[in-house]
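Quick look at what TrEMBL lists:
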TRANSMEM  82-98  transmembrane segment
TRANSMEM  104-122  transmembrane segment
DOMAIN    104-259  domain 'Sodium/calcium exchanger membrane region'
TRANSMEM  129-156  transmembrane segment
TRANSMEM  168-191  transmembrane segment
TRANSMEM  203-226  transmembrane segment
TRANSMEM  238-257  transmembrane segment
DOMAIN    299-430  domain 'Sodium/calcium exchanger membrane region'
TRANSMEM  300-318  transmembrane segment
TRANSMEM  330-347  transmembrane segment
TRANSMEM  367-391  transmembrane segment
TRANSMEM  403-431  transmembrane segment
Amino acid sequence: MDIKLQLEGAESNLEMGSLDDRSMHEFEDESLFTPEAESEKIQRVHGLQNGSVSGDFPSSGNKILQNSVCRSIKTVVFSNKLNLLMPFGPLAIMVHNLTGHKGWVFFLSLLGITPLAERLGYATEQLTFFTGATVGGLLNATFGNATELIISIYALKSGMIRVVQLSLLGSILSNMLLVLGCAFFCGGLICCKKEQVFNKASAVVNSGLLLMAVMGLVFPAVLHYTHTEVHFGKSELALSRFSSCIMLVAYGAYLFFQLRGQTELYVPLSEDENQTGNDADHGGNHDDNEAPEISKWESLIWLAIMTAWISILSQYVVDAIEGASASWNIPISFISVILLPIVGNAAEHASAIMFAMKDKLDISLGVAIGSSTQISMFGIPFCVVIGWIMGRPMDLNFQLFETATLFITVIVVAFFLQVCTFITCMVSVLLHRVP
């Protein structure tokens, strides 16, 4: 009797086990979150987008693509109030074709470029989610300076060498004084209850490169004003071209050092803290639950569109500079040093302040000082080489007053960063010693 009861219990257990196994298999088949179901879903979506699936829904791929395009346009174009200035770009082209008034063409073109420069910075910021802080800071600096470089190339083509020199000089001064100062000020206001820190290594390297660039600009000016040229005019130009080639090689070595050689030196402190927190929490969120609003390919497409549109409007800006100076009685030097850099640095200005307010001071320094380093070590020598190719006598003699101003600015910023680092170290030591 006991043996019979045990056999019946074993059969019931086997039946229950088979039912449990069958129910589990059915649950896995019906679940929407299994890896197999997810892979089939992704393949089906990709097939619809590529048009390779001829199922019951032939228009689903086009519908998904249209929804993605509409969402991207809504996010990039209609999400910022500054984009209300975008229609001034086509309006400048209309005014140029209908009236030809240089002053209004210049003014409307500047208004049209301003939101484009800001959106260029936004697309670059979205791209930093996929590249990291080091490459992101470099991309911000590169595309942030695209406006100045495009305007400089068009000005070189028109033979306006002094405009190129002053606009590049104004861009360096604007980044190092206005952009960096506003970033420190706004970051201190928002994060006043805690200490903001930055990586000393990247700041020291950028300061050294800026000093090297200033030396490259000082030598042609000294050669000119000391009247020690062997061939008047030609020696200065030859020295500028030789120095430009050396500076381009040095900047290439710096990029290799930053991106490949010693990347661990450029890991921001905030990234270290986030990585430690993620290891402790077994995978935390990225930068306080921040996520990219557009995809990587959408960012690249918008970067190409904004750069092309900026290049079109830059041509109208360069053609209307002299006319605007004559009609509005404004010196060309003021337009080149103040107005053009402010419009071109809209992306750096917005990005640096925004990152500083989010307690990402490393990226703010990478945008502001990195942009100045790129203009001085790459932008100016690149324009000299492009002028050499075009047959334009573009040199590194920025005149005595402008060169001295740049030298003093670089010294002040480098000293300020060193003092900030020293104060931070002293405060940390004192805090550790307090019981």
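Placed from the backbone N, Cα and C atoms, the Cβ positions cover glycine too.
Owing to the predicted nature of the structure, the values given are computational and were not obtained by experimental measurement.
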Legend entry - Same-chain residues at least 6 beyond the ends of the transmembrane segment (203-226) whose Cβ lies under 8 Å from its Cβ atoms: 235-236, 239-240, 243-244, 246-247, 250-251, 254, 257-258, 365, 369-370, 372-373, 376-377, 380-381, 395-400, 403, 406-407, 410, 413-414, 417-418, 421
Legend entry - Structural state census, the domain 'Sodium/calcium exchanger membrane region' (299-430) (DSSP three-state): 116 helix, 0 strand, 16 coil
Inset, instruction - Answer yes if the transmembrane segment (168-191) and the transmembrane segment (367-391) have at least three CB pairs under 8 Å among residue pairs 6 or more apart in sequence, and no otherwise. - result: yes
Legend entry - the transmembrane segment (367-391) versus listed stretches 104-122, 238-257, 300-318: most Cβ pairs under 8 Å: 238-257
Legend entry - Region pair the transmembrane segment (82-98) / the transmembrane segment (300-318), three or more CB pairs under 8 Å: yes
